[in-house]
Amino acid sequence: MSSNDSNDTDKQHTRLDPTGVDDAYIPPEQPETKHHRFKISKDTLRNHFIAAAGEFCGTFMFLWCAYVICNVANHDVALVAAPDGSHPGQLIMIAIGFGFSVMFSIWCFAGVSGGALNPAMSLSLCLARAVSPTRCVVMWVSQIVAGMAAGGAASAMTPGEVLFANSLGLGCSRTRGLFLEMFGTAILCLTVLMTAVEKRETNFMAALPIGISLFIAHVALTAYTGTGVNPARSLGAAVAARYFPHYHWIYWIGTLLGSILAWSVWQLLQILDYTTYVTAEKAASTKEKAQKKGETSSSSAVAEV
């Protein structure tokens, strides 16, 4: 046997499974390239820049669409709120605008930056260790700047008064407004943690329940607080309207407390190891169904005899 044939045989054996199973082919290792494009995972600065760009574009797209829809709802004379309450059609239009806008924005940019689009969500993700503190700060800056840019763009492109800023209504006090914002944000952030962070087969559909939860939050809170549940949304609208009420702080403190509350509930479930319990329940249910099916089959066989 020539030396070339021997080398070819050695190379072939190196590609086989070391256990000796000849049909288990293992492809040869590819040479490591030195091109910087293939080391992007180690380029932290570039990764942060991509995340910042994704959060800016996603937040801008979400809030610009929502602001314009909100402006239309509040300018339409047929949907003007009565002095003693809000028009149902007005609430539904605003809620649909925000819910659907965040839904398609998350679907577009979740693969780029995670699609938080909300400083309160970013805080919950950071507390859950889904993103690093540095990435959280980067996302915060992008989201807040995008909120102000979206507010300015919506104000410049639509005629008339800016009518998408948050304000208290229906006699709601600052304390009540604080807790409404807190619990509304908690529901939204908990939805994110349970549908996007938790490993499930339905993670790819997380944008749908997130959009639905924001829709419900707007139906519930708009008449009382204008529904902030997002500091970037509240700040962007306030800058565009040049309207900063003395209670503007509730749209920051309330939402951040809500994100912490959502994380606390999620963390409690992790401590209780709820996934093990759910898995055991599913296994027991499957076993019980299999036993019943076996008993039914046995009974049918006896009856035939």
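Even glycines carry a Cβ here, placed using N, Cα and C.
Annotated topological domain 'Cytoplasmic' per Swiss-Prot: 1-48 (among others), in sequence order, evidence recorded as similarity to another entry.
What Swiss-Prot records for 1-34 (among others) is region 'Disordered'.
Long-range contacts of the transmembrane segment (49-69) within the same chain, counting only residues at least 6 positions beyond its ends with a Cβ under 8 Å from a Cβ of the stretch, are 93-94, 96-98, 101-102, 105-106, 108-109, 112-118, 135, 138-139, 141-143, 145-147, 149-151, 153-154, 157-158, 164, 232-233, 236-237, 240. Per Swiss-Prot, transmembrane segment is recorded for 49-69 (among others), and the stated evidence type is sequence analysis.
Confidence in the topological domain 'Extracellular' (70-91), given as mean pLDDT, stands at 71. Among the features that Swiss-Prot reports, topological domain 'Extracellular' is placed at 70-91 (among others), with the record citing similarity to another entry.
Residues or ranges marked as transmembrane segment in Swiss-Prot: 92-112 (among others).
Here Swiss-Prot flags 113-136 (among others) as topological domain 'Cytoplasmic', drawing on similarity to another entry. Outside the topological domain 'Cytoplasmic' (113-136), and at least 6 residues removed from its termini, the chain residues within Cβ reach (under 8 Å) are 48, 50-55, 58-59, 62, 102, 105-107, 143-144, 185, 188-189, 192-193, 197, 207, 229-233, 255-256, 258-260, 262-263, 266-267.
The annotation transmembrane segment is assigned in Swiss-Prot to 137-157 (among others) on the grounds of sequence analysis.
Marked as topological domain 'Extracellular' by Swiss-Prot on the basis of similarity to another entry: 158-176 (among others). Secondary structure of the topological domain 'Extracellular' (158-176), assigned with DSSP and counted as helix (H, G, I), strand (E, B) and coil, comes to 3 helix, 0 strand, 16 coil.
The annotation transmembrane segment is assigned in Swiss-Prot to 177-197 (among others) on the grounds of sequence analysis.
Beyond the ends of the topological domain 'Cytoplasmic' (198-203), by six or more residues, the same chain brings no residue to a C-beta distance below 8 angstroms of the stretch. Per Swiss-Prot, topological domain 'Cytoplasmic' is recorded for 198-203 (among others).
For the transmembrane segment (204-224), same-chain residues at least 6 beyond its ends with a Cβ under 8 Å from one of its own Cβ atoms are 81, 85-86, 91-92, 94-96, 98-100, 102-104, 106-107, 110, 115, 168-170, 172, 176-177, 180-181, 184, 187-188, 191-192, 195-196. Residues or ranges marked as transmembrane segment by Swiss-Prot: 204-224 (among others).
Taken from Swiss-Prot, the feature topological domain 'Extracellular' covers 225-248 (among others), and the record attributes it to similarity to another entry. The DSSP breakdown of the topological domain 'Extracellular' (225-248) into helical (H, G, I), extended (E, B) and coil residues amounts to 12 helix, 0 strand, 12 coil.
Counting residues 6+ beyond its ends, the transmembrane segment (249-269) has Cβ neighbours under 8 Å at 119-121, 123-124, 127-128, 166, 174, 177-190, 192-194, 197, 225, 228-231, 234-235 in the same chain. The transmembrane segment annotation in Swiss-Prot covers 249-269 (among others).
Residues or ranges marked as topological domain 'Cytoplasmic' by Swiss-Prot on the basis of similarity to another entry: 270-305 (among others).
What Swiss-Prot records for 286-295 is compositional bias 'Basic and acidic residues'.
Positions annotated as region 'Disordered' by Swiss-Prot: 286-305 (among others).
Long-range contacts of the topological domain 'Extracellular' (158-176) within its own chain (CB-CB distance under 8 A, at least 6 residues past either end) are made by residues 66-68, 70-71, 74-75, 85-86, 151, 223-228, 233-234, 237-238, 240-241, 243, 245, 247-248, 250-251. For the topological domain 'Extracellular' (225-248), same-chain residues at least 6 beyond its ends with a Cβ under 8 Å from one of its own Cβ atoms are 59, 63, 66-67, 94, 98, 117-120, 143-144, 146-152, 154-155, 162-169, 172, 174, 177, 180-181, 184-185, 188, 214, 217-218, 254-256, 258.
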